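**Student:** Input: one structure, supplied below.
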Amino acid sequence: MTRVLGIDPGSRVTGYGILDWTGKPVLVAAGCIRTETDDFPERLRRIFEGISRIVEEFRPEEMAVEQVFMHKNADSALKLGQARGAAICAGVAHGLPVHEYAARQVKLALVGKGSADKAQVQHMVCFLLGQAGPLALDASDALGVAFCHLHHRQTLSRMSRMVRR
């Protein structure tokens, strides 16, 4: 069994999702870390501590994080990058290997279309997990990152077995 923590970073809301892989994906936990303050360094601390608590509680083996895409607003891109850095530091501080995926790569792995919108990602995550009701958008995005990583791991594993033959 492999347990993966997926992260959808944000400076105000950071989504997280944890999946176990036992031959099929199993939802362990999903939610959002809401920083709820205007003080930016405090937001980063809350992201770091929130991810740390999640790692300590659920003990994932690997972490997958969505990469920053270029914003039209440079300040927003910088803040997003710093929030992402806080999440990555929390994972690394707990000894997790961290894997990064572009948003387009995540959407392509889940929906089959790199330009899919958040609602399409949310729908596919719920469908794949057999969820009746929708998850929060940030949480479903984080689960999408975890799905993408599991898919990537499976592909590499299959290729490795083929090469050894």
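The backbone N, Cα and C atoms fix where each Cβ goes, glycine too.
Among the features that Swiss-Prot reports, active site is placed at Asp8, Glu66, Asp138. Marked as Mg(2+) 1 binding site by Swiss-Prot on the basis of sequence analysis: Asp8, Asp138. As annotated by Swiss-Prot, Mg(2+) 2 binding site applies to Glu66, with the evidence given as sequence analysis.
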**Student:** When you tally the Cβ atoms that lie within 10 Å of each candidate's Cβ, which of the recorded positions (Asp8, Glu66, Asp138) has the highest tally?
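**Tutor:** Of Asp8, Glu66, Asp138, the one with the most crowded Cβ is Asp8.
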**Student:** Reported as an integer number of Å, what is the Cα distance between Glu66 (active site) and Asp138 (Mg(2+) 1 binding site)?
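**Tutor:** So the Cα of Asp138 (Mg(2+) 1 binding site) lies 11 Å away from that of Glu66 (active site).
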